[in-house]
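Engineer: There's a structure below that I have some questions on.
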Amino acid sequence: MNVNGKWYRAIWPNEHDPETVEIIDQRKLPHRFEIVGLTTVKKTIQAIRDMYVRGAPLIGATGAWGVYLAVVNMKDAENPLQYLKEECFKISNARPTAVNLEWAVKAMEAAILEKSNVEDWIKAAWSKAIEITEAEVKNCRQIGVHGSPLIEEISKNKNGKTVNILTHCNAGWLACVDHGTATAPIYAAFDKGIDVHVWVDETRPLNQGSRLTAWELGQHGVPHTIITDNAGGHLMQHGKVDMVIVGTDRTTHTGDVANKVGTYLKALAAKDNNVPFYVALPSSTIDWEMKNGVKDIPIENRDPDEVRKVWGLHDGHLVDVLVPPEESPALNVAFDVTPARLVTGLITERGLCKASEEGVRSLFPDKMK
C-alpha cells in the first residue's frame with residue numbers, strides 16, 4: 001500500500017542482502033516511519049513479542065521468515081535438525097493467540113525437512129517463506145473482492161449516501177503484509193468510487209486504531225473519524241453505523257472469533273441494534289481443530305504498564321506518561337472471544353459464509369476434518 005506516495009508491504013526480504021528481512025517498526029507509527037532489519041531468530045521473536053509487527057497474518061509471515069533466518073544461521077550448529085526444531089519452537093511461542101504463527105512455522109518446518117542437506121534447506125526455506133507471504137497478500141486481496149459487494153449493496157439501499165463502517169483495532173495492510181482483512185473490502189469499495197466513511201475505534205491500550213488504522217486510511221485517502229472505544233454503541237443506537245467489519249487473530253471452525261479485546265462488546269451492541277457484524281479473515285487464521293473459542297482459545301495477557309501509561313508525541317519526542325496512581329495495579333487482557341451467534345458472517349478468500357461449522361465447511365471442505 002502507499003506511504004507518502006511510495007508502495008510498501010509490511011514485511012519483505014532485503015533486495016541487496018538475502019540474509020536480512022525488513023519490517024516497518026509499527027510501535028513508532030504514525031509519528032515515525034522506520035524500517036528495521038531482522039537478521040536472527042532472536043530479533044524476529046523480539047519483533048513479534050514487542051509488537052514491531054502485529055496482526056495475525058503478518059505475525060505468521062514474520063514467523064515464516066524467522067524460520068528462514070534460523071536456517072541461514074545454522075551453519076555452525078552441531079546438530080542441525082535439533083537446532084531447527086528448537087528455533088521453530090521458540091518462534092511458535094513468541095505470542096500465543098494468533099494461530100497463523102504456529103501454522104506458518106509448521107509449514108516452514110515441513111517444507112525444509114523434505115530436503116536432505118543444509119544448502120537445500122536454505123533454498124526450501126526461502127521459497128516457502130515467499131509462498132506464505134504471497135498467499136497472504138492474494139487471500140487479503142480476495143477478501144476485498146468478496147467483501148466489497150456488501151458495502152455496495154448498502155450504498156444502493158441508501159441511494160448512494162455515505163456508508164458508515166465501524167472497525168476495531170487494526171486489521172489493515174499493516175497487520176497483513178498488504179491490503180488487510182477488515183480494510184480490504186473498504187479499500188476495494190472506495191477505489192470503485194463508493195462513498196464510505198470509517199469509524200475508527202481508538203483501541204486501548206496500545207491505540208492500534210487511532211495510531212495505525214487511521215494512519216493507513218489517511219494514506220489511502222479514505223474518510224474516517226477516530227472515536228473512543230466506548231462510543232460505538234451510542235453511534236449504533238442513533239443509526240450512524242451501517243455495518244461493522246473486524247479482523248481476527250484466531251477463529252474456530254465453528255465460528256467463534258478471537259480478536260482485540262473490546263470486539264465482543266462491539267458485537268453485542270451490533271446485535272442489539274440490528275447492525276451487521278462481519279469478520280474478515282484468511283483461512284490461515286482458522287483453527288481447524290478447536291471448537292469452543294470462549295473456553296479453549298489461549299488469551300494473551302500483556303504488560304500492565306501498557307494500560308497504566310499512554311504513549312505519544314510531545315515536543316517532538318515519543319514519550320510514555322503515567323495516568324493512574326502509581327500504586328494502582330492493572331490487568332491487560334489483549335483479546336476477547338466473540339461467540340459465533342453474534343457474527344453475521346465471515347468474509348474469506350473463498351467467499352462469504354455463516355459463522356458456523358456448516359458455513360465454514362461449505363467454503364473449505366478440503367480443510368475440515
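The backbone N, Cα and C atoms fix where each Cβ goes, and this holds for glycine too.
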Engineer: Can you tell which of Arg32, Arg95 Swiss-Prot lists as binding substrate with Arg54, Gly55, Ala56, Gln208, Asn259, Lys260?
Structural biologist: Arg95
Engineer: Fewest neighbouring Cβ atoms within 10 Å: which of the binding-site residues Arg54, Arg95, Lys260?
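Structural biologist: Ranked by other Cβ atoms within 10 Å, the binding-site residues Arg54, Arg95, Lys260 bottom out at Arg95.
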Engineer: Over all pairs in Arg54, Gly55, Ala56, Arg95, Gln208, Asn259, Lys260, the listed substrate binding residues, work out the largest Cα-Cα distance in Å.
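Structural biologist: Looking at Arg54, Gly55, Ala56, Arg95, Gln208, Asn259, Lys260 as a set, their Cα atoms extend up to 17 Å apart.
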Engineer: For Cys169 (site 'Transition state stabilizer'), which residues of its chain lie six or more apart in sequence with Cβ-Cβ distance below 8 Å?
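Structural biologist: The list for Cys169 (site 'Transition state stabilizer') reads Asp201, Thr203, Gln208, Gly209, Thr213, Val246, Gly247, Asn259, Lys260, Gly262, Thr263, given in order along the sequence.
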Engineer: Long-range same-chain neighbours of Ala56 (substrate binding site), Cβ under 8 Å, sequence gap at least 6?
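Structural biologist: Long-range Cβ contacts: Ala98, Val99, Asn100, Leu101, Ala175, Gly247, Thr248, Asp249, Arg250, Leu281, Ser284, Thr285.
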Engineer: Can you tell me the three-state DSSP label for Ala56 (substrate binding site)?
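Structural biologist: Going by the DSSP assignment, Ala56 (substrate binding site) falls within a helical segment, counted as helix.
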